[in-house]
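Peer 1: Questions regarding the structure given below will be posed in turn.
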Amino acid sequence: MDSGGSSLPSSVAADARKRRVCYFYEPEVGNYYYGQGHPMKPHRIRMTHALLLNYGLLQKMQVFRPNPARERDLCRFHADDYVAFLRSVTPETQQEQMRALKRFNVCEDCPVFDGLFSFCQTYAGASVGAAVKLNHGHHDIAINWSGGLHHAKKCEASGFCYVNDIVLAILELLKRHERVLYVDIDIHHGDGVEEAFYTTDRVMTVSFHKFGDYFPGTGDIRDIGFGKGKYYAVNVPLDDGIDDESYQSLFKPIMAKVMEVFQPGAVVLQCGADSLSGDRLGCFNLSVKGHAECVKYMRSFNVPLLLLGGGGYTIRNVARCWCYETGVALGVEVEDRVPEHEYYGYFGPDYTLHVAPSNMENKNSRKLLDDIRIKALENLSKLQHMPSVQFQERPPDMEFDEEDEDQECGDERDDHDEEMDFPKLSEDFKCKSLPENKQNIKTDMDIDGSEVKNHQEAFQRLNPKVEPVSSEVPAYTKDMVAGLTTVNEPSDVKPHCETFPLFSKS
Ligand SMILES: [Zn+2]
């Protein structure tokens, strides 16, 4: 397949140029459990990480352990009462809060489980932390495979998502960048992110998804944004069985046009892996390479890039995909043969990274694809003739204010992303002292005593970085920051929606 590449005159670097990549991973994330039979399995993040470790990819990037997002960080998008509910609800006490469960849609798709709130804090903290890294300009690409929970709404859980880490990360990027592009290749429509930015011209959302009798029911090609946001939402509705070639016949021309007319300062790419062939809940027929082609293409524009996870329910394929895409981010072609490691058994009988797509029918006819491409490009061409967005002064840089932390933050963890070093596999995994060339910043962080297990023993959690995850920007829903028109309140400007279950236990 054509490896693509930007033809933009503004693209300064050749695609082959190395990118500075950072990666966020919380060793505990794989232990969260949605419940028996639930298709969302955070364990897939740990499997992905194990592949990265055993392929030797961790040494090629800076690895950070995320700081949990604090309640007030989450409230920059979410409603206070919803966040307070997520913090307080437990499997034991949920029966006493039936009304709230219903109100916030915490139900079968989005169950209450042990550690729910800390899970939300973890994946959201990682996405926001990754956005902060990009804002600082020391990294070209930041990765958080535990993020990408695109269905969560301001005051409602949806589609296995509770907190919308993507919206929070975009809000962070907007402090530095006038325009942020969001691209979503999960099989489901990126409804929560689209809705949040539906009426602003500072964020363009582009979603490629299965449409028609499918969760969440939104994402019609005619849903294009509203008010100032008109033409800043792009929806690409697809049908069952789409293959690599059909997918790229839309993805590349549409994204090339988007980059040309919107010229974002940063790009967020949600890499939901339920669009892969053979997904437990999905019905597309993409190969890992076809999926990763989207990453390769967006990387080629050489704009700060945040890579997030998302859906993905055949977990061995999710790990394959995100491992391969990490390689793409690094500019490394990962070997097909999976190295032996603790989750090796998942990858049998072939033990390869790539899996052949199936022979399922591609219901996306050439005519249908042409019509969609033409319509999407036509909408985008309307932007070309609009006056460009006025440059707005950005909010001040985030300052780490310890006093304020003490007053407002009751969390035990502090606000610093913790860098982890990963020794080569052949090396002894015993802790070493801090490298001399790295500054040892004294903090009260718990980096010494905590127990690490299994492959996590490979981590040497050293060299904490003092970097705030967020600044004192008022919640968007109350005070608008730097000219961003609005983050949407639930209202009648929302796109049309029919209701379909994402998952029902039968
Ligand atoms: Zn999905």
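Including glycine, each Cβ sits where the backbone N, Cα and C put it.
Nobody curates TrEMBL annotations by hand; they come from automatic prediction.
Since this is a predicted model, take the numbers as computed values, not measurements.
Per TrEMBL, the features are:
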- His151: active site, proton acceptor (ACT_SITE)
- Asp109, Gly159, Tyr313: substrate binding site (BINDING)
- Asp186, His188, Asp274: divalent metal cation binding site (BINDING)
- 398-419: compositional bias 'Acidic residues' (COMPBIAS)
- 38-326: domain 'Histone deacetylase' (DOMAIN)
- 393-419: region 'Disordered' (REGION)
Peer 1: Specify the count of other C-beta atoms within 10 Å of the C-beta of Asp186 (divalent metal cation binding site).
Peer 2: 26
Peer 1: In whole Å, how far is His151 (active site, proton acceptor) from Gly159 (substrate binding site) when you measure between their Cα atoms?
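Peer 2: So the alpha carbons of Gly159 (substrate binding site) and His151 (active site, proton acceptor) sit roughly 6 Å from each other.
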Peer 1: Over the domain 'Histone deacetylase' (38-326), what is the model's mean pLDDT?
Peer 2: 98
Peer 1: Around the Cβ of Tyr313 (substrate binding site), how many other Cβ atoms lie within 10 Å? Please give the count over every shown protein chain.
Peer 2: 22
Peer 1: Give the distance between the Cα atoms of the residue listed as 'active site, proton acceptor' and Asp274 (divalent metal cation binding site), rounded to the nearest whole Å.
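Peer 2: Cα-Cα, rounded: 14 Å.
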Peer 1: Using the centroid of the Cβ atoms of Asp186, His188, Asp274 as reference, list every other same-chain residue with Cβ within 8 Å of it (recorded divalent metal cation site), in sequence order.
Peer 2: His150, Ile187, His209, Gly272, Ser275, Leu281, Gly282, Gly310, Gly311, Gly312
Peer 1: Just counting, how many other CB atoms are there within 10 A of the CB of Asp274 (divalent metal cation binding site)?
Peer 2: 24
Peer 1: Max Cα-Cα distance in Å among Asp109, Gly159, Tyr313, the residues listed as binding substrate?
Peer 2: 14
Peer 1: With the Cβ atom as the reference point and anything under 6 Å counting, tell me which of the binding-site residues (Asp109, Gly159, Asp186) are near ligand 1.
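Peer 2: Only Asp186 qualify.
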Peer 1: Counting Cβ atoms within 10 Å across all protein chains shown, which of the recorded positions Asp109, His151 comes out on top?
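Peer 2: Of the recorded positions Asp109, His151, the highest Cβ count within 10 Å belongs to His151.
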Peer 1: How many other Cβ atoms are found within 10 Å of the Cβ atom of Gly159 (substrate binding site), counting all protein chains shown?
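Peer 2: I get 24 for this one.
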Peer 1: So which binding-site residues out of Asp186, His188, Asp274 end up within 10 angstroms of Tyr313 (substrate binding site), measuring C-alpha to C-alpha?
Peer 2: Asp274
